[in-house]
Amino acid sequence: MGMSSLKLLKYVLFFFNLLFWICGCCILGFGIYLLIHNNFGVLFHNLPSLTLGNVFVIVGSIIMVVAFLGCMGSIKENKCLLMSFFILLLIILLAEVILAILLFVYEQKLNEYVAKGLTDSIHRYHSDNSTKAAWDSIQSFLQCCGINGTSDWTSGPPASCPSDPNVEGCYAKARLWFHSNFLYIGIITICVCVLGMSFALTLNCQIDKTSQSIGL
């Protein structure tokens with residue numbers, strides 16, 4: 001009974017992590033594609049590394065490393081790799097909780113910083129191709145115009161703005177999009193981390209029990 005339970009847990013955890021490793025590969029590949037083509041540009045001049053491509057590359061790499069540890073730890077029944085997998089998931093879980101708290105505490109300051117950065121970037125629209133690409137991508141994706149509306153474009157709204165004169169500004173739409181997606185991503189991340197940690201601990205305990213039962 002102990003061996004069958006061990007095999008079941010081992011393969012469940014392996015395929016669970018294999019799925020996420022493949023997802024990590026896809027995210028990493030998409031991030032590299034964005035970095036090569038640079039279609040989305042840079043929105044904040046003071047943060048040139050804050051691009052969509054870099055975010056996807058970092059997230060994809062983290063998912064691949066964590067999932068790889070889970071795959072190898074489960075299939076080889078290696079307690080050291082399983083505990084490393086557990087600790088990394090715990091760090092990710094704690095980091096997400098800390099980030100959510102910081103966003104809540106410093107929301108006002110963050111809003112002011114983002115608004116200032118957007119105002120600065122909108123003035124660079126006609127002089128910097130990377131900023132122009134970023135604004136065109138955001139306005140096309142969110143169907144918005146300017147920071148608070150079409151009036152932000154003193155020389156007239158660009159072609160990427162919707163034709164509706166009462167179109168909403170990008171700042172309000174981006175905040176709404178971020179809040180809704182951050183909530184969903186947060187819930188999914190917490191569920192995945194808790195599930196993965198539970199599997200890792202259970203498999204770890206099962207390995208101990210199996211080793212004791214066969215006298216190792």
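Note that the numbers count up from 1, one per residue, in the order the chain is shown.
Every residue, even glycine, has its Cβ placed from backbone N, Cα and C.
Any TrEMBL annotation is an automated prediction that lacks curation.
These come from TrEMBL:
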| type | residues | note |
| --- | --- | --- |
| TRANSMEM | 12-36 | transmembrane segment |
| TRANSMEM | 48-69 | transmembrane segment |
| TRANSMEM | 81-106 | transmembrane segment |
| DISULFID | CYS144-CYS170 | disulfide bond |
| DISULFID | CYS145-CYS161 | disulfide bond |
| TRANSMEM | 182-203 | transmembrane segment |
Name the residues of the same chain, 6+ apart in sequence, whose Cβ is under 8 Å from the Cβ of CYS145 (disulfide bond)?
GLN139, ASP152, TRP153, PRO157, CYS161, PRO162, VAL167, GLU168, GLY169, CYS170
Long-range neighbours only, meaning 6 or more apart in sequence with Cβ under 8 Å: which ones does CYS144 (disulfide bond) have?
ILE138, CYS161, PRO162, VAL167, GLU168, GLY169, CYS170, ALA172, LYS173, ALA174
Is it possible to get the count of other C-beta atoms within 10 angstroms of the C-beta of CYS161 (disulfide bond)?
23
Beyond the flanks of the transmembrane segment (81-106) by 6 or more, those residues with Cβ under 8 Å of it:
17, 62, 65-66, 69-70, 72-74, 182, 186, 189-190, 193-194, 196-197, 200-201, 203-204
